[in-house]
Every structure is written in C-alpha cells, then in structure tokens.
C-alpha cells in the first residue's frame with residue numbers, strides 16, 4: 001500500500017493549506033502525491049499571492065470621522081439633550097405634534113428647491129432603480145408629506161439630521177451632517193397670525209437657552225422682489241441678485257456690489273439703486289416709510305408685503321416682542337421656496353463678548369412658503385405654510401465653548417442611588433436590593449464585582465456625582481435596616497428595609 005492513501009493525501013493537502021494560510025499566503029495550483037510517497041507542488045502563473053498587503057496598507061490608515069462630521073461624547077450629549085429638550089418643550093407648549101420622514105428622498109423631490117444651494121445635495125448611488133438623495137432640510141420633506149397624504153392643516157415639529165456638501169467650518173458649528181429642529185404651521189388662516197406665533201416661539205427658545213441678547217431680522221420676499229423690479233433688475237436675474245444681497249451680513253456692501261456688477265452682469269447704476277434700499281433697517285417706522293417711497297409704492301407685490309409686515313408688527317407688539325424684531329431690507333434667505341415673510345435670528349455681542357465668542361452667524365431662521373406643497377400635488381393644490389428652524393449645532397457650539405471657559409463639570413448619567421457593601425460575599429443581597437430600587441423607578445447602579453472595596457465604591461459615587469448611597473452588610477441584614485448615606489455631606493442614617501424606597505424618594509424630592 002502506498003504511503004499516501006486517498007485519505008492521507010487529502011489530509012496532507014488540507015495541512016499544507018493550513019500551513020500557508022497563517023502566513024497570509026495563498027497557493028494557486030495543484031498538490032501532487034507520487035507512489036513513492038513524495039509530494040510536489042505544481043503552481044500556476046502566480047505562485048503565491050500575498051495577503052499581507054491589506055495589513056501593510058492598514059498601517060497607513062488614519063482612523064477618523066468623515067470631513068464635516070463628528071462623534072459626540074457623553075458630556076457633549078448631555079448638553080445637546082438639554083438644548084433639544086428645551087426646544088421640544090417649547091414646540092409642544094404651542095400645540096405641535098411630532099412627525100418623522102425618511103433620511104433620503106427621491107432625487108426629483110429635492111431638485112430645483114434650493115436655488116444655488118442645489119449643488120450641495122448629497123446624491124446616493126443607485127441601489128434599486130430609484131435615484132435618491134439625502135435630505136437637505138426638513139421643510140421640503142414636510143411639504144412632500146402634506147401633498148402625498150392630502151393634509152390641509154397641521155402644526156408639526158420635527159427633529160432630525162440633514163446633510164449638505166458644503167465646506168465645513170467646525171469651529172463655527174457648520175457641518176456636512178447636522179441636526180435641525182423645525183416647527184411649521186400648515187393651513188389656510190388669517191394673515192400673519194401663524195407668522196407672529198413662529199416669531200414668538202423663536203424668542204421663547206432663544207431666551208430660554210440664555211444665549212444672551214439677540215435680534216430677529218424680518219423681511220418679505222415680495223418686498224425684495226418689488227425692490228429689484230423698481231430698480232430695473234431683469235426678472236431673469238432676480239434669484240442671482242437675491243443670493244448676492246443675502247451675503248450682506250457677512251461681507252460689506254462694496255463687495256456685494258462688485259459681485260452684482262462684475263460677476264452677475266448688473267449695470268452699476270442699477271446696483272447703486274438697490275444699495276439705497278438694502279442697507280436700511282429699523283422697526284415699524286421703516287415699514288411706514290417704505291409705504292411712502294415714490295418708487296416702491298408703485299409696486300403691487302411690495303405693497304402686499306408691506307401691508308403684511310405692518311400687521312405682523314401689530315401682533316408682535318401684543319406678544320411683547322416687537323423690540324426684538326428689526327425690519328431689515330438686506331435679508332434675502334437664499335432658498336427658492338420662500339414666498340412671503342422671512343426671518344433670521346442673530347446674537348448681539350458686546351465688544352468683550354466678540355473677542356471670546358464664536359462667530360456662528362444666524363442661530364434660527366424661517367419664513368413663509370405658500371407654494372411648495374403645490375409643487376408636489378398632482379393637481380397643484382396649495383397649502384400655505386410658515387415655519388422656523390432652530391440652529392442646534394451653532395447653539396451647541398456656543399454653549400460648549402462657554403462651558404469650557406467656565407470649567408463646568410458635566411454629569412453624564414442620571415443615577416440617583418448607588419448600592420454598596422463593606423463586606424465580601426454580599427453580591428446576592430446587593431442584586432436583590434438594586435432590583436427593588438429599579439422596580440420602584442429609582443435610577444440606581446452597583447459595581448460589577450463580587451467583592452468590591454467600600455472605598456472604591458464611594459470614590460465612584462463622588463466621581464460620577466451620584467447623590468445617595470445605600471449600604472448593606474452583615475449588621476444591617478441582621479437588624480433589618482439599610483444605611484442611607486449622603487455623598488456630599490457623608491452623613492449616614494439607618495432606615496428600615498421596608499421604608500427605604502419611600503425615604504429615598506423623599507430625599508430626592510428635597511434635593
């Protein structure tokens with residue numbers, strides 16, 4: 001019998017393969033066994049292919065998040081959750097119901113809705129016959145939802161991530177992936193009542209977050225279009241010139257004028273006439289002044305916008321927020337879907353704050369978009385809408401910087417009670433005790449060790465900011481009591497086991 005039978009040959013071939021595999025090498029060819037017991041390897045073109053290459057490449061691989069995105073640490077998430085909770089509470093206080101929509105939409109739903117910013121939309125690779133894009137904002141998906149479900153009236157809020165392919169400026173709270181908090185009122189109502197409520201909500205949120213003094217700039221797209229018309233701007237250039245005007249909060253008028261003339265082909269005298277208007281801002285008195293303007297008063301669109309702003313200021317005065325609002329003729333809001341009132345909130349800084357604070361731009365914005373739902377409706381039926389968006393990322397950047405400057409320590413858990421023991425072999429008693437606390441709705445923790453040292457347990461409580469410790473040992477078990485310890489004062493009191501939950505709840509309500 002030959003030294004290598006069929007079974008033996010297979011075993012050797014398998015062994016040979018196993019010997020090669022750990023070294024990261026693959027054999028391409030055949031293993032031959034001869035009757036004399038010899039073994040040879042006949043290889044194809046590439047004898048051995050190294051699988052080490054991926055590992056060699058990995059040594060140069062940099063572990064990082066994609067450009068314009070970031071992870072949020074537990075400390076950062078605490079701050080973010082507090083911001084979102086405050087914003088959502090305000091939305092609910094005004095009667096909004098929550099809505100959610102997909103993170104991506106059909107590409108055709110998003111195109112031609114954002115003007116020059118349409119190039120910032122993230123397109124997805126075709127995976128199943130549908131051309132898809134990541135949502136650019138929450139407004140267009142909301143309008144699509146209204147049209148698709150034939151909803152004629154709705155007050156909704158939505159919190160979710162959106163994506164934009166712009167150059168990120170992380171220090172200013174600008175990202176490619178970021179969170180938006182939107183509140184919108186859809187439906188046919190009397191003029192300016194929903195609009196005034198949106199501005200009231202904006203004031204409540206910004207005041208509640210204690211960001212400092214702020215100003216809300218207000219304008220109307222009809223007034224802006226009227227200005228362009230009476231200044232003899234060709235209709236075909238309206239959107240392009242509006243996008244230039246929208247930069248006035250970032251660059252001076254001379255640079256905006258240069259862009260209009262040199263890059264967008266506007267006549268210099270036309271640009272100068274625009275400049276006479278868009279550099280003006282004020283309160284309701286400026287609205288009345290524009291009514292008397294010889295050129296603007298001849299434009300029907302502009303007069304409609306001015307009439308609505310006059311009514312809006314009346315309601316804002318009743319809400320007690322008129323002093324926070326400025327009629328600013330430079331405000332353009334670049335998005336194509338706005339049709340009426342538009343607004344944007346900015347933080348006001350003292351010279352000292354300007355040196356310390358981040359220049360984050362607007363922290364909230366919105367406006368009226370009466371025609372967007374009709375774009376999606378097969379019969380073109382419209383649903384008037386007005387809404388606002390809170391700039392969570394920018395607000396977060398401001399609060400995060402302030403907390404760093406103040407050196408504030410942030411608690412990352414909400415644990416109220418820690419279950420501890422000073423003795424060995426008390427794991428079972430600790431597990432029974434913590435189960436009682438959990439069942440009573442008390443937030444509790446213990447160390448995942450059989451026999452932890454008491455000092456280690458107490459240090460953990462101090463480090464994590466846990467206010468109370470319950471201690472169980474042989475003596476406590478024998479007497480039917482539990483020691484309740486205040487971490488801050490280090491005072492201890494013995495509580496009957498059956499009264500423990502009630503006593504803890506009392507202590508927590510007092511703190």
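Just so you know, the numbers here start at 1 and follow the chain as drawn.
Just so you know, glycine gets a Cβ as well, placed from its N, Cα and C.
Those TrEMBL annotations? Automatic predictions, nothing curated.
TrEMBL lists 137, 138, 139, 164, 180, 184, 333, 337, 338 with the feature L-histidine binding site.
Of all Cβ atoms in the protein chains displayed, 25 besides its own lie within 10 Å of the Cβ of residue 338 (L-histidine binding site). Counting every protein chain shown, 18 other Cβ atoms lie within 10 Å of the Cβ of residue 180 (L-histidine binding site). The Cβ of residue 139 (L-histidine binding site) lies under 8 Å from the Cβ of 182, 184, 337, 369, 372, 387, 389, each of which sits 6+ residues away along the same chain.
The Cβ neighbour count for residue 137 (L-histidine binding site), using a 10 Å radius over every protein chain in view, is 20. Contacts of residue 333 (L-histidine binding site) defined by a Cβ separation under 8 A and a same-chain sequence distance of 6+ are given as 219, 221, 246, 342, 344, 365, 367, in order along the sequence. In this record, L-histidine is bound by 137, 138, 139, 164, 180, 184, 333, 337, 338; the longest C-alpha to C-alpha distance in that set is 21 Å.
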